[in-house]
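Asker: Please read through the structure below; I'll follow up with questions.
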Ligand code: SF4
Ligand code: SF4
């Protein structure tokens, strides 16, 4: 590989890492602000203007807390839990197309860390590893509440992954590719998949709430029953890692939602912009548009969190197995029939 | 009439445990309704009062930090009778009496006065019983209109006469108002 490509990718990866971190940091701030606004309050406003330094203050607080490791046989696993959660949350961002391409110094720079053609499979693979972070952490804590929470998180994630996968299959049948880059490119203009796959989108949305362990599916950290859930025994920055990973994966899953169903970096009039303003400007706007979409979904996550109470465990399982999966299968069948008919008659 | 049908408040509702339909058990409609309710709150006026900068208006009978009053001529009312300390359910008040010397008549109204008068604000429950007990109209909780501020040391909560006695200017202002 040429060294320019390596440098280019290196810069890009660092940039994505930084952006994910900053987004995760400010999601914690935004979460409190949104919570406050929805409850007629103001929210953090003391640390810096508008409370913008609050995430830094939180980080500082977590760093200065006592590092406590319970007396467990598995110190290594105990330490590995948060690390797995965090790395998995970050790994998914490698295949996300953040924009189309830029034209810099006579070369086309693709705005994606790596364009593998089974990106969608990769995402699902990585997502399902995510549960290990919680399972291992909860199990190694040597605490029954942590273990119970880990079991809950595990069964919840596995159940919802099924529905999520089925929802995506309908999408893949339509687009005929597993590459996120192509899926994004197919949705140019206003050709967003959400208009073709509304049911699939809703199922995917519900499942991503479950996958990221967000309310109403945050049974894993249900304070009333399980103290803190799987991170009960964690303190200091290890705890911070778990919390941070939750926000990072919220950012990533918002991105996936935006890319798969809301047209990624596409906006109406992108072709016109490419012709008249050039590739660079048009695609920079595209990146901004993608970020606006992502921010909307992050807001949506928070909006839902401060609206609905947590589901009961049996409701959660009922919803997953008895509602979402049948609907997802019906969605696949209908999509298949429509594709066949369209092939025949159009 | 059987007991089940009586509703004294007129608001009695039957609990319905009917089975949810498939559509209902998806919760989607209910969730969307909930989302619409919460989003409306995003735009309502916020109720927060940014405390140290903004203060809530206190009611006229708000019981805050105590004030040991002076009379029209700026003399302290308190005669160190100790009735407030006796009345206090929290044992928050301590004092030491002293006799007024000749020449101090402009300072203290009675022949006996409190040399030391301390209220432990951590013990005080702001019940106002000291105010009720005082025969000399000397102690009031409704005058200062301030809440006792926080501090980081326990000793800082023991308020002596320096903090409790009504400022002289206030007494003078009061007497002026009375004359005019
Ligand atoms: S307000 Fe009540 S508790 Fe406080 S000093 Fe007076 S009598 Fe004691
Ligand atoms: S404040 Fe009133 S009750 Fe208390 S010692 Fe003084 S005069 Fe007596």
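Even glycines carry a Cβ here, placed using N, Cα and C.
Below, the features straight out of TrEMBL:
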type: TRANSMEM; residues: A:6-26; note: transmembrane segment
type: TRANSMEM; residues: A:76-99; note: transmembrane segment
type: TRANSMEM; residues: A:119-141; note: transmembrane segment
type: TRANSMEM; residues: A:162-180; note: transmembrane segment
type: TRANSMEM; residues: A:192-210; note: transmembrane segment
type: TRANSMEM; residues: A:241-264; note: transmembrane segment
type: TRANSMEM; residues: A:284-304; note: transmembrane segment
type: TRANSMEM; residues: A:324-342; note: transmembrane segment
Asker: Verify whether three or more Cβ pairs under 8 angstroms connect the transmembrane segment (A:324-342) with the transmembrane segment (A:192-210), leaving out any pair fewer than 6 apart in sequence.
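Answerer: Checked: the transmembrane segment (A:192-210) vs the transmembrane segment (A:324-342), in contact.
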Asker: For the transmembrane segment (A:6-26) and the transmembrane segment (A:241-264), check the count of CB pairs under 8 Å (sequence separation 6 or more) and say whether it reaches 3 or more.
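Answerer: Between the transmembrane segment (A:6-26) and the transmembrane segment (A:241-264), contact is present.
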Asker: Do at least three C-beta pairs under 8 angstroms join the transmembrane segment (A:76-99) to the transmembrane segment (A:284-304), pairs 6 or more apart in sequence?
Answerer: yes
Asker: Grab the same-chain neighbours of the transmembrane segment (A:119-141) for me: Cβ-Cβ under 8 Å, and only residues 6 or more beyond its ends, written as numbers and ranges.
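Answerer: Contacts of the transmembrane segment (A:119-141) (Cβ under 8 Å, skipping residues fewer than 6 from its ends): 70, 72, 74-75, 77-78, 80-86, 88-89, 91-92, 95, 147, 149-151, 153-154, 157-158, 161, 164-165, 168, 172, 178-181, 183, 211, 213, 220, 229-234, 242, 245, 249, 256.
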Asker: Counting only CB pairs under 8 A, let me know which of A:162-180, A:241-264, A:284-304 has the most with the transmembrane segment (A:324-342).
Answerer: A:162-180
